[in-house]
């Protein structure tokens, strides 16, 4: 029997069975997920993984913290603070649409309508929205497309069913 090395683990082929093949992954890094949010700028259909959503939120937090930090460092330099405030407002305006879009796609991934996003405007119901956004992806395809993790679908990159029946 043939032995072969895979990720520092040795696997032995079993008799009468095909060779071990590691599972295909579609793991992407933080910057790839953030880039995906900006390339799907106004895409309110489909599904978004938890990592895509939370990396985008983390990126926005870091950028906004950077603006706040620089704003505090400038202290009494009024002209620079005004320029920085204008840049900050432009950044917020530029990220509103992708932020809403990735939130809607994340809700689709949990099997909920994008209109659930409006729960964020109700004080107590916003906790429910936070819980929805932290849930794992629903297994398999749903009415918004295939599972972005590839779970529950035979063809990971299969096109969305044109009849929109969830399969």
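Cβ from N, Cα, C; glycine included.
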Of the residue ranges 54-75, 142-163, which one carries the transmembrane segment annotation in TrEMBL?
54-75
Sequence-remote partners of the transmembrane segment (114-133) [C-beta within less than 8 Å, at least six residues beyond its ends]:
44, 50, 53, 100, 103-108
Contact set, same chain, for the transmembrane segment (54-75): CB under 8 Å, 6 or more residues outside the stretch:
30, 33-34, 37, 81, 84-85, 87-88, 91-92, 95, 98-99, 102
